[in-house]
Amino acid sequence: MDLQWLLDFLQGMTKPFLATAIVAVAVVLSYFQKLGLEGEMIYAISRAFLQLSVIGFVLQFIFNQQNLAWILLAYLFMVTVAGYTAGQRAKHVPRGKLVAGASILAGTSVTMVMLVVLKVFPLTPRYIIPVAGMMVGNSMTVTGVAMRRLRDDIRTQFSLVETALALGATPRQATHQQVKRALVLALSPVVDNAKTVGLISLPGAMTGLIMGGASPIEAIQLQIVVMNFLIGASTISSIMSTYLCWPSFFTAAYQLETTVFAAA
């Protein structure tokens, strides 16, 4: 059996292993500051090593296949995991995992189709899977925040929303301000990041290209594309999540569903 691939992999992991010395410093600091995060830090970095190693081999396999079915399978897997994670963050939203998954799927798929149709990226695993991963990860964060904030805001202003409904307002009208606040809160980090990109930090995609030997000009061109599709996918996903939340927030008679807002 040819084990050269394993030797190459272990040799390539030398620098990542050496970089764990930085985590060791963080663990020591956490211990002396009595933060209690030592175990979490070690678990997190160990899990990151394992997950990234496995996904590296998986992606290499998919890239070699050049098959659209593998792209779709990898994309749906990412959406499923992201939907579950975002739903966990908004645990008081009924069917939160399903709502989050559907919202992330809608936002990222629309954005991805536009990128392919406009020929920004070719329909190959090497481009589509990394791009999809960035979009899904970002959409997961904003969707979870939007769902949780919307539910919490309506709960806090329960009487105000009920009064609006009693006066004849539709659920959309009665919760307009709550929806607006939830979306602004969820999308603000994405928008702020676009405003300050290159001034405060060099994002991962741009840094990776430069460290890989690409010219800074090529790197910033790709990063501009990245910021565009992150804003687009995040906006569609977060707005979609607020629409999909409503059926569980209101009864058929357009009254607030009290059981949804009972828990703190």
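Backbone N, Cα and C atoms are what each Cβ position is placed from, and that goes for glycine too.
With a cut-off of 8 Å between Cβ atoms, the residues of this chain six or more beyond the transmembrane segment (12-32) that come close are 38, 41-42, 45, 49, 53. Annotation comment: TrEMBL describes 12-32 (among others) as transmembrane segment.
Here TrEMBL flags 44-62 (among others) as transmembrane segment.
What TrEMBL lists as transmembrane segment is 68-86 (among others).
What TrEMBL records for 98-121 (among others) is transmembrane segment.
Among the features that TrEMBL reports, transmembrane segment is placed at 127-147 (among others). Counting residues 6+ beyond its ends, the transmembrane segment (127-147) has Cβ neighbours under 8 Å at 59, 62, 71, 74-75, 78-79, 82-83, 85-90, 93, 96, 99-100, 103-104, 107-108, 111-112, 115-116, 121, 182-183, 185-187, 189-190, 205, 226, 229-230, 233-234, 237-238, 241-242, 245 in the same chain.
Only residues 6 or more beyond the boundaries of the transmembrane segment (98-121), in the same chain, are considered here, and those with a CB under 8 A from a CB of the stretch are 75, 79-80, 82-87, 90, 127-128, 131-132, 135-136, 139-140, 143-144, 147, 225, 229, 232-238, 240-241, 244-245, 248.
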